[in-house]
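Enquirer: Submitted below is the structure of interest, expressed as C-alpha cells.
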Amino acid sequence: MGPFGALCLAWALLGVVRACPEPCACVDKYAHQFADCAYKELREVPEGLPANVTTLSLSANKITVLRRGAFVNVTQVTSLWLAHSEVRTVESGALAVLSQLKNLDLSHNLISNFPWSDLRNLSALQLLKMNHNRLGSLPRDALGALPDLRSLRINNNRLRTLEPGTFDALSALSHLQLYHNPFHCSCGLVWLQAWAASTRVSLPEPDSIACASPPELQGVPVHRLPALPCAPPSVRLSAEPPPEAPGTPLRAGLAFMLHCVAEGHPTPRLQWQLQIPGGTVVLVPPVLSKEEDGGDKVEDGEGDGDEDLPTQTEAPTPTPAPAWPAPPATPRFLALANGSLLVPLLSAKEAGIYTCRAHNELGTNSTSLRVTVAAAGPPKHAPGTGEEPDAQVPTSERKATTKGRSNSVLPFKPEGKTKGQGLARVSVLGEIEAELEETDEGEQMEGQIPADPMGEKHCGHGDPSRYVSNHAFNQSSDLKPHVFELGVIALDVAEREARVQLTPLAARWGPGPDGASGARRPGRRPLRLLYLCPAGGGTAVQWSRVEEGVNAYWFRGLRPGTNYSVCLALAGEACHVQVVFSTKKELPSLLVIVTVSVFLLVLATVPLLGAACCHLLAKHPGKPYRLILRPQAPDPMEKRIAADFDPRASYLESEKSYPARGEAGGEEPEEVPEEGLDEDVEQGDPSGDLQREESLAGCSLVESQSKANQEEFEAGSEYSDRLPLGAEAVNIAQEINGNYRQTAG
C-alpha cells in the first residue's frame with residue numbers, strides 16, 4: 001500500500017502540474033486555486049486551466065476578443081481580472097457560464113458594446129468594474145439581476161443618459177462611480193438629480209458628474225441642474241375628411257389623411273402602426289426639413305415603388321418628368337414630416353386600425369382610429385347609354401358625396417400654415433392627390449392617371465384650336481375677370497405661385513372624339529384636365545384633374561420671373577384653351593433690407609452733418625490772432641521803483657535797529673548809496689542778473705495788463721500817492737509833496 005499510495009500521489013501532482021498552461025503560474029493557497037496569467041502578452045484566453053481555479057488573472061495582455069466558450073472549463077471562478085487587456089469585443093454568452101463570479105474587472109479596455117444579458121446569470125456578483133471603456137449606453141434592466149452588487153464603477157465612459165430606475169434593483173449598492181461621462185442634461189436626466197440627492201450610495205467626485213450638452217449647460221454638475229420644463233407626450237388624432245359618425249364607413253376611392261398632433265417637452269417622436277388585412281405596417285415620419293428658398297416646407301411625398309416605405313420629395317421647384325406619361329408608382333401610405341399620414345387611394349385593403357404613437361424621454365403615449373371602407377358597388381350606369389354617372393344617383397346620395405363643396409371650392413389646408421380660403425391641390429410631377437371620379441373605367445384607373453395626359457401636344461409649339469394670351473393680370477394683384485370660351489380666369493400671380501379659377505362650365509363641355517363640338521362622348525363623361533407647362537414648350541410641370549364642383553386651383557413651387565402657360569383640355573386631346581402668364585420677379589430680401597437700412601442711415605445722418613457744419617462755422621473766428629511777447633529794455637524809473645519797492649529790501653531794513661533821535665543827537669541815519677547796491681548786485685552771482693531781468697519783464701507785463709483797470713494803473717504809476725504794500729513812509733517822506741529826486745540815468 002505504501003508504494004502504491006506514493007505512486008498515486010505523484011501521479012496526481014504530475015496531473016495538476018500539467019493542468020496549468022505554460023505561460024501561467026498556478027498556486028493553491030488556502031483551499032483556493034490561483035491562476036496568474038498577467039503580463040504574458042496573451043492574445044487568447046489560455047486553454048487547459050485547472051477546473052477548480054477560483055481566481056483568474058488575465059490583466060495586461062492583448063486579448064482583443066473574449067470568445068463564447070472561453071471560460072466553459074473554469075466555471076468555479078469567483079474573481080476574473082481582465083484590466084488593461086485591450087479587450088474590444090465580448091461575445092454574447094462568454095461570461096454567462098461563470099455563475100459563481102463575485103468580482104469582475106474589465107476596466108481600462110476598449111469595449112463599446114457589452115452583452116448585458118450575460119449579467120442575468122451572475123446573481124452573485126458583488127464588484128463590477130467597467131470604468132475607462134467606450135460604453136455609450138446602459139440599459140435600464142441591465143443590472144436588474146444583481147441584488148448583491150455592492151460596488152459599480154462605470155466612470156470615464158461615453159454614457160450620455162441613464163434610464164430612470166437603472167439602480168433601483170441594486171439593494172446592496174454602496175459605492176457608485178459615474179463621473180467623467182458626457183451626459184446630455186435634458187428632461188431624461190432630471191431623475192438622476194433627485195436620486196443623487198436622496199440616496200445613501202457613495203458618489204465620489206459629484207462635481208465631475210457634469211453635463212457635456214446642451215451648450216448652455218455644459219460643465220454644470222448634475223446635482224446643480226436648474227429646473228427644466230418637462231412634459232410627457234400627449235397625442236391627438238383627426239381624420240380628413242372626417243367621418244360623419246364614429247364607425248361610419250368611408251367611400252372607396254377617396255384620398256384619406258390622418259393628422260397626428262403630439263405635444264410634450266422634449267418634442268416627441270412619432271411612429272405610425274397600421275393593422276390592416278395584409279399585416280402590420282410600421283411607418284416612421286421623416287425628419288422635418290428646413291425651410292427652402294421660397295419659405296415653403298416640403299409637404300407631399302412621392303413614392304419610389306415600395307408600398308410601405310414613405311418617401312419625400314425635397315426639391316423646392318418641380319422639374320419636368322423624364323418620361324411621360326409613365327408616372328411613378330403611387331405608394332399606399334405616405335408618412336409626412338409634419339406627422340400626417342396620407343392614403344392616396346382608399347380601398348378595402350387599407351381598412352384597419354391606425355395608431356399614432358408619440359415617445360419622448362419622459363414616456364410614451366398613443367391613440368388609435370378604426371377605419372372602415374364601404375364595399376364598391378356595381379357600375380351606376382350601363383355602358384353606351386350616354387348618361388353621366390351622377391344622372392342616376394339619388395339626390396340624397398349625391399348631396400352626401402359633395403358635402404362641404406357647396407361653395408364650389410374644395411377646402412384645403414396646407415401642411416403647416418393656412419391663410420384665407422383653401423384651394424384644390426394640384427399634383428406635382430404626376431402625383432395623384434385629387435379625388436378620383438367614379439366612371440365605368442374606375443376600376444382600371446385606380447392609382448393611374450389618364451392615358452397620355454400630358455403629351456408634347458399639350459405643351460409644345462403645335463397649333464391648338466384656340467390660343468389666348470393675356471398678360472393684364474400680371475400688372476396687379478386684383479382679380480381681372482378675363483373670361484374665355486371655357487371660362488378660364490387667372491388671378492393672384494406671385495413669385496412662386498399662381499391661382500387659376502374656372503367659371504361654371506356649360507353642359508356641352510368641349511368637343512367630342514370626332515371633333516364636333518356638339519357631340520357628347522357616349523358612355524362616359526369626358527375627363528377634363530388642367531396642365532401647367534413652360535411657355536416655351538416641353539413636358540408639363542404640374543397638372544390636376546378638373547373635379548366636379550371645384551373651380552379654383554393652386555399651382556405652387558414655381559420659378560420667379562418665368563413664363564408659364566395654363567392649358568385646359570380633355571384627356572388625350574390637344575389643348576383647347578391656353579393662357580400664358582409670367583411669375584413675378586423675386587426681389588432678394590437681403591437686398592431690400594440693405595437698401596432700406598442705407599436709406600434710413602442717410603436720412604438720419606444728413607441733418608446731423610448739417611448741424612455740425614453750422615456749429616463749426618459759428619465757432620470759427622474771422623481772423624486768427626497770436627499773442628507775441630517781446631522783451632523790452634527796462635526803464636530807469638521802473639528800475640528804481642522796483643528797487644525801492646523790493647520786499648526783500650524792506651524786510652532787511654525793518655530788521656535793522658535804528659537809534660532814537662534823542663540818543664543819536666538828532667543825526668539822521670546815513671543812506672546807503674544806491675551805487676553801492678548796484679555794485680553789490682553786479683558783483684554777485686551772474687544768475688542774479690537773469691533773475692533781475694525776469695523780474696523786470698514780469699513787472700512790465702503786469703503793468704501792461706493793469707492798464708485796463710484805472711485804479712490798478714494809478715496804484716502802480718509813479719504819480720500815485722498811494723503807498724505800495726510793504727513801503728515805509730520814512731524812506732519816501734521827501735517825495736510826498738512831489739519833490740522827486742532826480743537820479744542819474
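Note that Cβ sites are derived from N, Cα and C of the backbone, with glycine treated the same way.
Predicted, not measured: the structure shown is a model, and the values here were computed from it.
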Enquirer: With Cys260 as one half of a disulfide in Swiss-Prot, pick the other half from Cys185, Cys187, Cys211, Cys356.
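Expert: Between Cys260 and the options Cys185, Cys187, Cys211, Cys356, Swiss-Prot records the bond with Cys356.
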Enquirer: Of Tyr467, Tyr719, which does Swiss-Prot mark as phosphotyrosine?
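Expert: Record lookup in Swiss-Prot returns phosphotyrosine for Tyr719.
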Enquirer: Among Ser57, Ser695, Ser720, which is annotated phosphoserine in Swiss-Prot?
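Expert: Record says Ser720.
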Enquirer: Report the DSSP secondary-structure composition of the repeat 'LRR 3' (100-123) as helix, strand and coil residue counts.
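Expert: Per DSSP, the residues of the repeat 'LRR 3' (100-123) fall into 6 helix, 3 strand, 15 coil.
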Enquirer: Which residues of the same chain, at least 6 past either end of the repeat 'LRR 1' (52-73), have a Cβ under 8 Å from a Cβ in it?
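Expert: Distant Cβ neighbours of the repeat 'LRR 1' (52-73) are 26, 32-45, 79-95, 97-98, 105.
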Enquirer: What is the three-state DSSP composition of the repeat 'LRR 1' (52-73), stated as helix, strand and coil residue counts?
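Expert: Secondary-structure breakdown of the repeat 'LRR 1' (52-73): 0 helix, 7 strand, 15 coil.
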Enquirer: In the domain 'LRRCT' (181-232), how many residues does DSSP put in helix, strand and coil?
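Expert: With helix first, then strand, then coil, the domain 'LRRCT' (181-232) has 21 helix, 10 strand, 21 coil.
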